[in-house]
Amino acid sequence: MPHRSGFHTLLLFFTLISSANLLRNDASINTVEDFLDTLINSSHYDRRIRPFFDQSKPCNVTMTIHINTISAINEVNMDYNTDLIFRQSWYDPRLNYSGTEWAKRSPEITLHYSLIDRIWVPDSFFRNAKEGKRSDITVPNRLIRVHRDGKVLYSQRLLLKLDCQMKLQKFPLDNQTCVVNIGSYAFATKDLVFYWDETPNVSAIRVNEDLEMPDFVLSNFESRYCNRTTATGSFTCLLVVLHLKRLFGYYLVQVYIPSMLIVILSFVSFWIDHKSVPARISVGLLTVLTVTTQSSGIRSQLPRVSYIKAIDVWMSACLVFVFAGLLEYALVNVIARKNELRQQVRFSREVIGNRLAQVHFYKKDDTHHQTPAETTETLMHKMSVVEKNLTGANTASSLVHNPSLSNTSAPAPIPQVILPPPAPVQKTAKPVRDTAQLVDLISAVLFPVAFIVFNIIYWMVYLNMHVEYILK
């Protein structure tokens, strides 16, 4: 009996002690600060250990991304800038407080961003990031929210410069595909797995409705999985695919229309008289230099790639057309000079032939008149000299006024002698202007037609052909 009385006394003592501890704990969680200190106390919560480590199963992390802006798409560096909100959600049983009195007060608690260093977070990173930082305007843009069932929501605003490998075969008529690649750096799939949030009425990828880009339009976007295996294991991976369509208006106004007008200007030279050498040469050289300068300016804005781009084909064709126009005038000039030499010979033969006819007439009538001082042999010698100098610079007018032809002794007065009419000169060559103008006329028709055909083929090919077919 005394033993039983002592046992009841001891039991009552421990009960009083336990009640005192509970009252003290209830008093200690009257404030959020005290509750959080109790919840993430370092004595029973180790942020270095992932959730479910003791259960030997992976921690599942669901993600969503809200894209605010896409800007500075750079073809030279092949990257782009983006401003996005990156949200991650996972369960941590150690943060479950559903069995406490505080769960009735608040089903979820929003923590201060400084407490992120006291709990475990996934080691997610952006695989294709070149640069990146968190937004700190005006305070660090981070959100940590803990639900009573242990679900943790971690949201942060990031400013990233991401790599985007572009295919520029159809530039500037191209469409590009850029990605946002998210993966785990250290945890393999047996420890950590990423998923897109597929909760009803929740979109894993959201884009700002007011998103605008100066030279692209976001035609479509999609979410994918891209788990990959490396030498250190199999790692989880998520992918955001952005389909960008380039706006063609800028290049149409700044590149295509000006270069097209330059080519048309080079065609105007075909209607200028080929004798106007300064005008024809000026038009040809100016158009060639302008197209070359424009092409150099475009190349400076693009990367040095080994394949041919659509803009390269266009600018090269424009350069070929204007340069061919300059060569056409060189051909016309050569033809004109050769025809001038032929006309010079024909005119010289006519003049000397008339003089020979006069000499023969004087020889037949030597009984009444004196023989001229210039003999037949002298005139024949002068004709041979003229033929030897066909490549010289003597013109028809200089032949007419040549002193050697006109410096002869004046014959004695001829009483009413009627000279025989000179024989008509047969036309052995076309007039100069007919041949030169014929070449210009053919070029004035052929060049524009060829340029129109090139435009039809160019636009049909690059507007309808896929990049994959061009690569083949």
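Keep in mind that glycine also has a Cβ here, set from the backbone N, Cα and C atoms.
Looking up the ranges 83-102, 103-122, 283-302 in TrEMBL, the one annotated as transmembrane segment turns out to be 283-302.
Confidence across the domain 'Neurotransmitter-gated ion-channel ligand-binding' (35-246), taken as the mean pLDDT and rounded to a whole number, stands at 92. Counting only same-chain residues 6+ beyond the ends of the transmembrane segment (283-302), those with a CB under 8 A from a CB of the stretch are 75-76, 168, 171, 255, 258-259, 262-263, 265-266, 268-269, 272, 309, 311, 315-316, 318-319, 322-323, 325-326, 329. Under 8 Å from some Cβ of the transmembrane segment (314-336) lie the Cβ atoms of residues 255-256, 259-260, 262-263, 266-267, 269-270, 274-275, 277, 280-281, 284-285, 287-288, 291-292, 294-295, 298, 432, 435-436, 439-440, 443, 447, 450-451, 454, 458, all in the same chain and six or more residues away from its ends.
Same-chain residues lying 6+ beyond the ends of the transmembrane segment (248-271) with a Cβ under 8 Å from its Cβ atoms: 172-173, 214-215, 279-280, 283-284, 287, 290-291, 294, 298, 311, 314-315, 318, 321-322, 325-326, 328-329, 440-441, 443-444, 447-448, 451.
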